[in-house]
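So TrEMBL lists these for the protein:
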{"type": "ACT_SITE", "residues": "His222", "note": "active site"}
{"type": "BINDING", "residues": "Ala125, Asn192", "note": "NAD(+) binding site"}
{"type": "DOMAIN", "residues": "8-122", "note": "domain 'Aspartate/homoserine dehydrogenase NAD-binding'"}
{"type": "DOMAIN", "residues": "170-257", "note": "domain 'Aspartate dehydrogenase'"}
Amino acid sequence: MKKIGLLGCGVMGTQIALAIDSGKIPGILTHVYDDSKEASSELVSKLNNKPEIVENSHLLSSHSVNIVVEAASQNAVRDDGLSILQNKRDFMIMSVGALLDESIYDILYDACDHFKKTIYLPSGAIAGLDGLKSIKGELESVSITTTKHPRSLKGAQFFETSEINLDSIDSSTVIFEGNARDAVSLFPANVNVAALVSLSGIGSDKTSVKIIADPDTDKNTHHIEAVGKSGKMIFTIENTPDPENPKTSRLAILSAIETLRQYCSDDIQIGT
Ligand SMILES: NC(=O)C1=CN([C@@H]2O[C@H](COP(=O)(O)OP(=O)(O)OC[C@H]3O[C@@H](n4cnc5c(N)ncnc54)[C@H](O)[C@@H]3O)[C@@H](O)[C@H]2O)C=CC1
Ligand SMILES: O=C([O-])CC(=O)C(=O)O
């Protein structure tokens, strides 16, 4: 069985760990780490098969795990990605926005090649990346519009310099329009999906992103439009937010679990 190390013990990390513990993912969770000791202890208390809590993130990949699963933050990808690959572990990333920093992308890309390891990027909170990847070379335009309740956007770096006050928004309001590169750095915990769309399609400078705060929605909605020689693709995903962390959609958690299940299984793989 594959051995798994988990980096990040919040909402998503906990659900991934429970899926391993219940046997839904046929692997063994051997080590976990979170900057918050409380988060890692709370996660371990929920499991029958208790993993070891390591003292720092680098110790995760120095143990003999097959893969480290990141469900933490873009900073975790930046700080720990290279050492995970250097220790010859595969790496699954949920905070995909970190890869829109070209220097990080290039370092991790080269490390995969050099150490013969693979980075897995689950589809997260969206669908349609299979089609987008296939028409990559023929794309003319790609856009993604993300609509969330203002409470799901709280805490984003964007608001440190913007005059927009989320608490005073009383109808659907466009709060950001720009490219994916700027979007993921200003909303690092909200639009990792824009990074996935960029990396599958025409890149972060050419991928247009719109973010809407809508006090009347109870969904995290992502609407993607891609136009190319092969035709037009339109995807709208209306996600149920996680009750504990409304920034994160249930689909993103299920996508992480399914990707890890496939990684740990020898079976039929469906889709592009
Ligand atoms: N790819 C996608 O479609 C999606 C990606 N995400 C991303 O997945 C990640 C996890 O999401 P949630 O579990 O909902 O967040 P969360 O906030 O519930 O949990 C994150 C946990 O990671 C820990 N953490 C943060 N930085 C760390 C670091 N550098 N080292 C160690 N621990 C660290 C925090 O203490 C916290 O316990 C977030 O970055 C989120 O933005 C979320 C939804 C969709
Ligand atoms: O879960 C979602 O709907 C999307 C999200 O937070 C992200 O892409 O970072």
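The backbone N, Cα and C atoms fix where each Cβ goes, and this holds for glycine too.
Show me how these features fit into the shown structure, please.
Within the same chain, the residues at least 6 positions away from His222 (active site) whose Cβ sits under 8 Å from its Cβ are Ala125, Ile126, Ile144, Thr145, Thr146, Val193, Phe235, Thr236, Ile237, Asn239, listed in sequence order.
In the three-state DSSP scheme, Ala125 (NAD(+) binding site) falls into the coil class.
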Looking at Cβ-Cβ distances, which residues of the chain lie under 8 angstroms from Asn192 (NAD(+) binding site) while being 6 or more apart from it?
Met94, Ser95, Val96, Gly97, Gly124, Ala125, Val184
